[in-house]
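Working notes, beginning with the structure itself.
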Amino acid sequence: MSFNQSGSNASATFGTYNDVSGNQTNTTIQGIVHVQNNNFTNQDPNVHTALIRDLKDKLNPSDFAGDDRPECLENTRKKTLNSIYQWVNTRGYPNVLLLSGAAGTGKSTIATTVAGEYQKRGQLGCHMFFVRGRSHPRTALQTIAYSLAVYNQSIAVSLVEKLRKSGDLNSSNLKTKFDILLRDPLSAVSTKVGHPVLIVLDALDECGTSELRRSLLDVLRARLSSLPANFRILITSRPEEDIASLNSERKFLTVTIDQHSDESKANVSTYIEFEFNQMRSSGKLNVPDDYEWDRNIRRLSESADGLFIWASTAVRFVREERLFQFRCFQNLVSNANSLKLDELYMTVLSHVSKWNEEDKTTLKNVFSLILFAKCPLSDTETDAILDMDKGTTSNLLSYFRSLVRYEGGQPITIYHASFYDYLISCEGEPWHVDPSVQRAYIASKCFERMKRLLKYNICNIPSSSVLNADVPDIDIRVTRYIPQFLKYICCNWIHHLQDVSYSQHLCFQLQSFVYNQLLFWFEVLSLTNTFNHHVGPALLFAIEWVGNHDPKLSSFLRDASRQASIYSKPISESVLHIYTSLLPLTKEESPMSIHYAEYADNAHRVEYIGKRQHNDCIKTIQVESGYVSMLSFSPDGTRILSNSFRGVYVLDATSGETIAGPLIVDGKKGDKGNEEEALSAAYLPDGRYIVVATTNGIILKWDVLTSCLVSERMMSDFQIASTWAATFSPDRKSFVFGDDEGIIRVWNVDTGEQDGGLLEGHTSSIRCLSFSSDGKYLVSGSSDGVIIIWGMDERRVKTSPLREHTRKVMAVSFSPCGTYIVSGSLDKTILVWDVSTGEVLQFQVDRRRDIMQVSFSPDGSRFASGCFDLIKIWDASWGVEETKASFEEGGAIRSISLSPGSKFIASGSSNGSICLWNLLTGELVKELKLSYDVDSVAFSPVNEQLIAFGSGSWDDGKVKVWDVTDDEPVTIGSHKASVRSVMFSPSDGKHVASGSSDNTICIWNVNRQRLAVGPLTGHEGAIFAVAYSPDGTRLVSGSWDKTVRIWNSETGDLLSTLNGHSYWIQSVAYSFDGSRIVSGSSDKRILVWDAQSGQIVCGPITGHDTWVDSVCFSPDGKQILSGSWDKTARVWDAITGNPLFPPFSGHTHSISSVCFFPNGRHFATGSLGGTIRIWTLDEILIDSGWELRHDNWVVGKNGRLMMWIPKDLHRYLYRPKNVSMLNHSFHLKLHFDTE
């Protein structure tokens, strides 16, 4: 046989089994003989075993077992086998051979024979088999490398060393992976392994679709020939177009099996003769003495026409006949002349007599599930899914062992893909499988089985107080109550529903499921660890399937999707928190929770105080190592493409979990020597691939499923050093970027050339770009604060520039319908624009975060916004113009002050407001709105209606006094920079002391509105805090210069300078008897000073995790209260410095200001989160029995899980020691029944 050069490529899931015990053995696993050898005398079995264990953990090789593949009969295929043996043993030939042939020509039988021969010789390094429907390219290279490492210890050592040096394998592109896993390790040991080592890749065409295997084929084509010459690779495949292209550069050899050749016909004839003679000689086939045996055997051989699958099916057909084998044989012979493969299938199926209508229906149903299942199922699983009597599938298939491969309890597969083709095309036959009808039947069965089997607390979990993983017998419970077939249904019902078009019958079943079993389905997904991967896509696909046919159902599903996203963490971690967290917390706003209210756990009650404002922020995703500069939804809306400093990520849009990534684009980690950073990324329309544009003009194409780099293309004459924005057109044929000079350019992705003229109109750098869904329009945002919409056909401005943002526009996105544009800016706002009118609707996402990215989902029901390290998913299903941000009265609280009679609290905020609160009712009495931040407020000690404050604006250092009965404050003085602290003189309130960022302290006469004393100078930095002594004769100050200073308040003389802090002073206060001073610093410490001597009398007091922002003494001077950026308030013993109580936790942001009440049993805290909380020190209320952890779990004694609270509710939640809250119209209280 002559060798011809050609090639191919594919990907799949496969299995390999090796043994490292020392001696080569033959072990059959599910009918496949695999490589098991270690025949090198210098190998240490113990060392080798340890290496293999380590490699298995690192490489995660596939372990899918194959199916029985017989070897060639003796004296058959001699010519082909000898040619292959010659190729393996001869160094002069290329090291890759592609064995190609049509379906059923015996390629796998030849491959198995060759593998068996070289296994006997101790030269079989790897034998992999690819199986349709169970094969994936993702771990192909890892599995080959692992098998070779098992084969030889030297290879294992070399591979381990290479992996150690190369770092994270997952971040490498596929070509780099090939070099790390195969080329480099094998090259390093090729001289030690002098003999040929055979690698068999059988049925490469069964490795998924051509799209799925494209990435792997590209690498095999480019890299296989680079392996050492003694490593020989045998590939078998049908002559698929993509696989034939493997040898496009003529680097490989090919052997083509022609079924019509004399050799093929002779081999098939030998096989038929051997098998039937064996049946006859064994007595299984009783043949009359006068029967023309030889002539009829020849007739069968002629009918096979060199097609091995015909011959093997015919042999199995007769062999598996239980009672009338000879009659079955005669039936074949009598029709031999016209019996092509389809007719042979028909003969086998019709041979089973007495099929009534019920039996025929069962036959079609069973074969339909075999053909259309999303993964191979066993006979028992098939029985259960189709709700048939146990043993039905097994009994049925026992008549058709010639057509299907199955063993009891094992996955069922058909022998050959041609049988699938026959079943769906044999219209008019009783076994014809109508794909649309049978797929609908399977979907219907899924709903029927879930209706019957799903129930509340399906696994009888005794308590919601522990995680699923901590339930002692959880595995036993899941195995008992959630059999594999039910898990299959719960994970795949939506995919079966997607297989069929809308029908009223299936919609009724979907309604029944959604309104009756939805939460019980949640349970199964939680207990089988599949919730986060399946619930989001399933609900979104169900909404898409329903379409406009049932708006009520779609709305209910959308709410279920929203709640599943918000509560994905507790549900996936502890199943019963569907009923103890989700339902109680959403009982008043979620249609789903209202509908399922009867299942809420009454021992966990939530009290709503006031009306909760609607918050359309569905999910907040924390981005590690992150700076979010790109966001893009997948075409089906189930995934989000994002990035961080580490690379590009694919996230689940419901749970926020990472699906793939980081996909590294840094050239230092790949084949290039220059640095590359991701500039823009987008999904291709098929959702399988993403394209990434780098800052040096390279377009990378990644396979999302395999995390492999598929291709690279350099754009010509590309200058992008100063580029901030780039995007791809919807068809991904054009790449657009804007430069630092405000110019937009368009590049053709296929050619790498610039396409058309420049788009000019901005006056500063382009920061963001987005195409409309039809590609006709492009919107750009710039550092000039302007948004421009461009017509791409004529390459010019379509409408007048949109001007509303006050700072740089960092993000823009068209809605899918093209009606809206959403923009985000450094002014911390998201604006929604009407494209046709330019009208703008504004809502606030976060006052403290710049908006860097926005992106719509494909259906327009959601959009994502990104800031520095957060991604937020927003519900826009009711129309983007109605979407609201989380309710937030006022800005960050910078300062609070208690009125002399303890009836009111005044607060100053970052949004330029001063609020007066009634402590008894919690109501807002009055608000003064200003145009600047207010960093400090202070009540007059003699007049509850008088409040002093200072301007936080850097260029407006005014000190003012506000009489709350008036609408306007009065200016009493002015600094040269912002005012950081103010305080009335304690005895008469006639003076106000102020500390400023201009490094000075001033004392102002309130009535005369002029400077009384000062400016006091001496500090070398901004003054952050000032405080009078109780008698008013002294003033203490704390500064950026790390010192505390004491002044004579009447003369302005500096009395002493106190050194002890290592960072700036945030807060100072006198004790009520004036004997001591307390200071809090950014060094995280608190010091207590003797007010006369200036000596430290207590401290440093430590315990806060970060800056101490506010301190004060209790009225009796025995306690010190502190508030910190660690979001806690603490109470300390003023003499010893020891903590007197556990930290007071509840604020969601830094605590900026604290003050004691005159009774010494209550105190107030103000936070940058905009909340004021009143706390108690009464022991009876302190021991509450629960706390809210940083991971959002409310836990009781011994860490018992009690409830999970979404982060957006933390700010409204009453904590155990918290008796009142101000600055919110909605509050939340938890009530837990004691056990």
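Just so you know, glycine gets a Cβ as well, placed from its N, Cα and C.
Note that TrEMBL annotation is computational and uncurated.
According to TrEMBL:
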type	residues	note
DOMAIN	95-239	domain 'NACHT'
REPEAT	759-800	repeat 'WD'
REPEAT	802-843	repeat 'WD'
REPEAT	893-927	repeat 'WD'
REPEAT	972-1014	repeat 'WD'
REPEAT	1016-1057	repeat 'WD'
REPEAT	1058-1099	repeat 'WD'
REPEAT	1101-1142	repeat 'WD'
REPEAT	1144-1178	repeat 'WD'
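Under 8 Å from some Cβ of the repeat 'WD' (893-927) lie the Cβ atoms of residues 847, 933-942, 944, 947, 949, 952, 962, 964, 1152-1155, 1157-1158, 1164-1172, 1174, 1220-1223, all in the same chain and six or more residues away from its ends. Within the same chain, residues 1021, 1024-1031, 1034, 1036-1046, 1105-1113, 1115-1117, 1120, 1122, 1124, 1132, 1134-1137 sit at least 6 positions outside the repeat 'WD' (1058-1099) and bring their C-beta atoms closer than 8 Å to a C-beta of that stretch. Beyond the repeat 'WD' (1016-1057), the same-chain residues lying 6 or more positions past its ends with a Cβ under 8 Å from any Cβ of the stretch are 977, 980-988, 991, 993-1003, 1063-1070, 1072-1074, 1077, 1079, 1081, 1087, 1089, 1091, 1094. Proximity of distant same-chain residues to the repeat 'WD' (1144-1178), defined by a Cβ-Cβ separation under 8 Å and at least 6 residues beyond the stretch ends, is recorded for 848, 888-898, 902, 905, 907, 909-910, 917, 919, 1107, 1109-1116, 1119, 1121-1131, 1187-1188, 1207, 1210-1211, 1213-1215, 1217-1224.
Residue counts for the repeat 'WD' (1101-1142) under DSSP, split into helix (H, G, I), strand (E, B) and coil, are 0 helix, 20 strand, 22 coil.
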